[in-house]
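Record features, source TrEMBL:
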type	residues	note
COMPBIAS	1-14	compositional bias 'Basic and acidic residues'
DOMAIN	58-93	domain 'EF-hand'
REGION	1-20	region 'Disordered'
REGION	141-160	region 'Disordered'
Amino acid sequence: GRKASEKTGGREGEPADGGLFGGKAFGLLKAQQEERLDEINKQFLDDPKYSSDEDLLSKLEGFKEKYMEFDLNGNGDIDIMSLKRMLEKLGVPKTHLELKKLIGEVSSGSGETFSYPDFLRMMLGKRSAILKMILMYEEKAREKEKPTGPPAKKAISELP
């Protein structure tokens with residue numbers, strides 16, 4: 001019996017993907033979470049309360065990206081620690097009490113965490129939750145950093 005299997009296992013010289021949580025498992029978790037968020041996005045697209053918004057699809061995509069930037073817990077929810085880290089990353093550190101209040105404003109559940117549907121209802125709703133204002137402000141700040149003016153389009157003659 002040749003041990004051919006030894007050759008193929010663990011290719012060397014490849015970057016570890018993601019690193020932190022044995023990349024693959026983490027990537028899988030992320031993929032599963034994203035699938036679940038996509039499902040929820042579909043539900044919101046079909047919700048008459050929101051479906052009149054013609055930008056809804058692109059908004060939902062954007063909110064999904066934003067939500068995925070948080071460290072989601074095993075249930076795919078945002079808890080106080082992940083909110084704390086996210087806001088520190090945005091340069092808006094909050095005290096524990098403030099964080100509890102932020103989550104309480106958004107959470108439809110225990111008030112300890114909030115879920116993606118909670119997040120979407122906050123972002124799409126009329127109520128101005130503090131967290132929504134922080135995230136919207138951060139979006140605007142990001143847009144300011146982008147170079148203004150349309151991207152340079154190649155002249156047709158230059159195309160290969």
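Backbone N, Cα and C atoms are what each Cβ position is placed from, and that goes for glycine too.
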Same chain, outside the domain 'EF-hand' (58-93) by at least 6, Cβ under 8 Å from its Cβ: which residues?
-> 30, 33-34, 36-38, 41, 44-45, 99-100, 102-103, 112-116, 119-120, 123-124, 131, 134-135, 138
Take the domain 'EF-hand' (58-93) and average the pLDDT across it for me.
-> 93
Provide the three-state DSSP residue tally for the domain 'EF-hand' (58-93): helix first, then strand, then coil.
-> 22 helix, 2 strand, 12 coil
